[in-house]
Each structure stands twice: as C-alpha cells, then as structure tokens.
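Worksheet: one structure, shown below.
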Amino acid sequence: MNYQNTLAFAQEQDKQDPLYHFRERFHYPQVNGRDAIYFCGNSLGIQPKSAQMYIDNEMYKWANLAVEGHFKGKEPWFNYHELLAPAAARVVGAKESEVVIMNQLTVNLHLMLVSFYRPEGRRFKIITEGGAFPSDQYALESQTKFHGFNPDEAIVELFPREGEQTLRTEDILASIKAHGEELALVMMGGINYYTGQVFDMEAITKAGHEVGAVVGFDLAHAAGNVPLKMHDWNVDFAVWCTYKYLNSGPGGTSGVFVHERHGNNPDLPRFAGWWGHDAQARFKMKKGFIPMQGAEGWQLSNGQIIPFAMHRASLEMFDEAGMENLRSKSEKLTGYLEYLIDDVHAGKDVMEMITPRDPQARGCQISILVKKDARVLFNKLMEAGIIVDYREPNVIRVAPTPLYNSFEEVYRFSEILHECLQAH
Ligand SMILES: Cc1ncc(COP(=O)(O)O)c(C=O)c1O
Ligand SMILES: Nc1ccccc1C(=O)C[C@H](N)C(=O)O
C-alpha cells in the first residue's frame, strides 16, 4: 500500500473503512477532557457500550429469580457458557465442542498442563520462548517442580540469535527436532507479549508432533488479534484471556481449546470438578466423575455469569465484524503506524522497532525499544492523551486495534510522537 504522511490520507482511509462504524459502540477513556487515543488493547481492551445491558440482564435475573435463574427464564445460567462457545470457536478456529469459556488464563494454563504435560522416562522437557509472559514462566516452572524435576533442566527457553530481536522459525523447528525423544511438550505464546511476534503455530505443531511431543499455545495476545486455526493446525490445546483484544473486562473470563481427539478421551488425566461432570447426571450428586464430552469436561466450577455476560457483548461484535475483515484492516492500520514511525524517526537514532517488519509475523502491536529515557518518552505520550504501555526495561508497546481504532488516530499519534522526538 502507498501510505502518505498527511491527515487527508488518513481521513480518506477511514472513509473507506467498512469497520469504521464499530468505533461508536465503545466507551473511550478521557484524558484532559477529551477521548484518549487508546492503543492499549494488548493489555486491556476498552468497554463495549453493550456490556452494560448484558450485565443488567443478569442482575435483573438475579434480583427477580435468584436461585431459579440457574434453570428458569431466558438463557438460564446452567447453560450460559454454551452461549459463548460458537463465537469463541470462530475467533480461535475451532469446533464448538473444542472450546469452553471458564476461569482465568493462568488457572486454565495449569489445568491444561495437568492433562498435557505428562513427562515419562527420558521425555520430560518443555520447549518455550525465552522471555514469555512471567505468569506462563511461573506456571511451567511450578509444573516441572510438581513432577519432581529441576526447571533449569526441564525447561528449554529459546532466544533470538545474537543481534536479532525475534526468533526465527527455522531455529524453533531445529530445536524441537534436536530435543526429539526428550521433548514432552512445546508450550509457547501464539504471539509474544513483548515483541509482538506471531509464531508459526502450524509449523511448530507439526514439528512437535513429529518428535512425539504435545503442543499447546497461550493465545492471550493472539485471540481477537490474528485469525487462528487451532483445529486445522492440529494444536493439542490452547488457552487465552478475553480482556485484551476481546474487550471483555478487567479480570475477565478465559478460553480453553482442547482438540477433539483429546476432548473425547475420558482416560486423559485431569483435575475434575462438578461442572465438568456429565450435565445430565450433575445434579444426581453421585460419586464417580464422568467427564462431559469435549472441552466442557474440563470445567470445574459453575459459570461466572457476570464476566460471561461481558464476554458475550464483545463476541457479538467479533461475529458481526468477522476475523478476516478485522485482519485485513489490521494489516493496513499497523502498516500505516510502521510507515509513520519510520517517517518521523528518519535521520534519528532514538528508537528501534523490535516487532517483525513482515506483516505475517505480527498482529496489531508494534513494540518500540527506546534507546534512552524510555520512561520520559512514554510519560510525554500519555500526557498528550495517547494511551500506550511501557514494559521494563525500555519498550513502549503501541497497538492500534482494527475494531475501534482509526487511521486518523494513528496519524495523530505520529504527530505527537514527532513533537516528543524533537526534544528527546
Ligand atoms: C501471555 C500471558 N499469559 C498470562 C497472563 C496472565 O493472565 P491472568 O492474569 O488472566 O492469569 C497474561 C496477561 O496478563 C498474558 O499476556
Ligand atoms: N491483566 C493485567 C492486569 C494488570 C496489568 C496488566 C495486565 C495485563 O494483562 C498485562 C498484559 N498481559 C501484558 O501483555 O503485559
């Protein structure tokens, strides 16, 4: 695409954008009495206006039906999670029965590791990306200890080559092959939270399976950001949160994918709870766990209806917009951001983009490594009404999302960045 560094160009792109109208369906945080330019959907998505109505419906049911709300009225709570699975499955590219919405991300990661990290004899190692989000690191570390291993021996972290910022697919695949029979699990982010790099999940899954390992992904930064094909790529399991690109509220609920070849295997070890028990027999209150078919069989507790209601409000918009349409806009929008950053930074040596330049290897996040006083630059952007985030030690993450951000906002951001760089 031939981008231009002018307001008129940005406004023209907005005019042609078929998704532009979604903007008015969100609340924008205020800075200095004005709508902020919100580029932080990689951490917490903004509030869909419809979320309030979905919550109110459930509050009304609670007030008027109380315990009867589990079974009576429209959309009883007993099955409420089923209302989420179809749209969630479309977001991650799965069959409906392969997806369940429940708990929170790190909890779900542990539940999946209980079933899918099954070290045996020499096969006990886990390959993961170095610098994964800390919660994922802690989960893997504690799981290896739980099985009696030293995490330093059991966990293999992959780092970029000297002088490079992101991992090469060929290096990931070579490492999987090299660890061969020692490898129990490959567990990585679908997109790394820090660099914004999208991993080649299909190739990684294939390579993992070739050496007899199980392969799972944390899609926290991928779900609702890039199109995914969990089923077709043959991934064994995946987990994600819903509060980032999926705009489902702080501490919102989480999703789990279990490939159907595992979901219907009652012998797979799991930590069980009554909500994963055969729904027909759940209230018979009998001894002896009989798992539900599919991902639902991993549920532990009765559903968190208010977070589910928030998630529903958001999923409805994702269904309406469609992941392919979102991706198509996203590539242009992020490409425009990249172009403008390069333009305003030309001739300077203040920053370096650490996100891949290849559009296929990134979603909507661009991570900028700031070579000096990164915090100062971050604070200036925030004061000027741009909400981005800062990650230690020196990275500013900027994420224009295709659902609620515009080309004009990207242009305004670059104007402010330009001003900040003059003095930096
Ligand atoms: C990759 C990744 N893993 C884990 C988490 C933690 O999620 P939660 O606090 O919902 O368990 C996050 C975000 O906070 C994340 O981005
Ligand atoms: N859940 C949060 C609660 C408080 C502060 C940040 C978060 C994040 O989600 C951070 C995000 N995972 C990140 O990529 O940095």
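Keep in mind that glycine also has a Cβ here, set from the backbone N, Cα and C atoms.
Among the candidates ASN79, ASN150, ASN264, ASN302, the residue that TrEMBL names alongside LEU105, THR106, PHE133, PRO134, SER135, ASP136, ASP218, HIS221, TYR243, TRP274 for the pyridoxal 5'-phosphate site is ASN302. Counting only same-chain residues at least 6 apart in sequence, those with a Cβ under 8 Å from the Cβ of LYS244 (N6-(pyridoxal phosphate)lysine) are GLY41, ASN42, SER43, LEU44, GLY45, ALA220, HIS221, ALA223, GLY224, ASN225. Proximity to ligand 1 at the level of Cβ atoms, with a cut-off under 6 angstroms, picks out LEU105, PHE133, SER135, ASP218 from the binding-site residues LEU105, PHE133, SER135, ASP218, TYR243, ASN302. Listed binding-site residues: PHE133, TYR243; maximum Cβ neighbour count within 10 Å falls on TYR243. Across the residues the record lists as binding pyridoxal 5'-phosphate (LEU105, THR106, PHE133, PRO134, SER135, ASP136, ASP218, HIS221, TYR243, TRP274, ASN302), the two Cα atoms farthest apart are 31 Å from each other.
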